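Asker: Okay, here's the structure, questions in a sec.
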Amino acid sequence: MSTDEPKTDAQWRAELSPEQYRILREQGTERAFTGEYWDHHANGEYRCAACGAPLFSSSAKFDSGTGWPSFYEALNAQAVRERTDTTHGMVRTEALCSRCNSHLGHVFPDGPPPTGLRYCINSASLSFHPKD
């Protein structure tokens, strides 16, 4: 299978943990203050846990006080795709991996400068790669 072909549901289930599958493929959310990266401070790059695409730099990570990893910008303009999410009786902006369309979390307009954005991301959606 080429990397351009979408994976089947069975392939995603085989590759991801049950928690990762629930969040990445079923648009779930992990409980606040429980994820591996909410209080993580190492230098490096956060990538999509499903496909490995680079998403965020640790230099853009900040403590939002919410209990989820928060970033004020994506690694680049192509890394994260956004779409309107109207679930749970709210209108929010969903953040998805541009490469594999996996659910990452949501984007809110209450972040710090320079962008004023807060990418509120599930730890289960991420893998961390330390800076060499």
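Yeah, the Cβs are placed from backbone N, Cα and C, and that goes for glycine too.
Values in this document were obtained by computation on a predicted structure and should not be read as measured data.
Got these off Swiss-Prot a minute ago, pasting:
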{"type": "ACT_SITE", "residues": "Cys120", "note": "active site, nucleophile"}
{"type": "BINDING", "residues": "Cys48, Cys51, Cys97, Cys100", "note": "Zn(2+) binding site"}
{"type": "DOMAIN", "residues": "9-131", "note": "domain 'MsrB'"}
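Locate each feature and note its surroundings.
Answerer: With a cut-off of 8 Å between CB atoms and residues at least 6 apart in sequence, the same chain places Ser64, Thr66, Trp68, Pro69, Ser70, Gly105, His106, Val107, Phe108 near Cys120 (active site, nucleophile), listed in sequence order. Cys120 (active site, nucleophile) carries a strand DSSP state (E or B).
Using a 10 Å radius centred on the Cβ of Cys48 (Zn(2+) binding site) and all shown protein chains, the other Cβ atoms total 24. In three-state terms derived from DSSP, Cys48 (Zn(2+) binding site) belongs to an extended strand segment.
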Asker: What are the sequence-distant neighbours of Cys100 (Zn(2+) binding site), meaning same chain, six or more residues apart, C-beta distance under 8 angstroms?
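Answerer: Expected: Lys7, Cys48, Ala50, Cys51, Ala53.
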Asker: Can you count the other CB atoms that lie within 10 A of the CB of Cys51 (Zn(2+) binding site)?
Answerer: 16
